[in-house]
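Remarks on the structure that follows.
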Amino acid sequence: MDKNLEEKVIWLVRHAQAEHNVGPPGNHRRINQVGIKQWEALHNWLVDNPIPIDVIVCSPLRRTLQTMEISFKSYIHKELPVPIKISPLFEESGNWPCDCAMDLSSTEKLFPDYDFSSCYDDIYPLRRGLYGTTYDENYCRAQKPLKHLASLHEKNIVVVTHSVYLRFLLREQRPEDNMNFMPPEKVFRNCEIRKYNLCHTGFQWELIPLIDN
């Protein structure tokens, strides 16, 4: 296997707590006051414990974009800023209103500094096809973002995404699990960051935990 692929490091991050995490699952929920403290805590941790980051890949939903902007501001606003790639492959899995993205024109107005061209694929933000919400559709989609990460030339990659979709990326989600509700002990905490190697098993790409999380 290519040495660069063997050594590719992926840092997975769940977004900060948003309004829907503690209230009704309405549309396009913002980060709440607890979430603001969480993303500041992650930012402070990264200042005290800097990690090498070559690129940040982020889901195009509001809560992930907000989390990325604040938590990683020391990387985004430095003299040579870390590039940011927005990818709909990393959006959430469920069918609650809060898991459905805004129309792209509204998202681009709220976040004008980022390139959303990857979202113009004739499907997104509709929840069908590649972005369908069934277990099988999500299971199939979850292999595509890992292939995408493998194709990037950057070695150290941060991914800012969502709780249930993280379980699909890690092959932990089971058909019998309720995608619209998972007990806290089975998901990443808000603003939790974990370190993985991206490896190919011979059949598919997998994320292997690194012991220095």
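Every residue number used here counts from 1 along the chain in the order it is shown.
Quick reminder: no glycine exception, Cβ is built from N, Cα and C everywhere.
Feature annotations, reproduced from Swiss-Prot:
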type: ACT_SITE; residues: His15; note: active site, tele-phosphohistidine intermediate
type: ACT_SITE; residues: Glu92; note: active site, proton donor/acceptor
type: SITE; residues: His162; note: site 'Transition state stabilizer'
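Cβ-based neighbour count (10 Å, all protein chains) for His162 (site 'Transition state stabilizer') stands at 24.
Same-chain residues at least 6 positions away in sequence with a Cβ under 8 Å from that of His15 (active site, tele-phosphohistidine intermediate) are, in sequence order, Ile31, Gly35, Ser59, Leu61, Arg63, Thr64, Gln66, Thr67, Val160, Thr161, His162, Asn190, Cys191. Counting only residues at least six positions away in the same chain, the Cβ atoms of Ser59, Leu61, Cys98, Asp99, Thr161, His162, Ser163, Val164, Tyr165 sit under 8 Å from the Cβ of Glu92 (active site, proton donor/acceptor). In this structure, His15 (active site, tele-phosphohistidine intermediate) belongs to neither helix nor strand by DSSP; it is coil.
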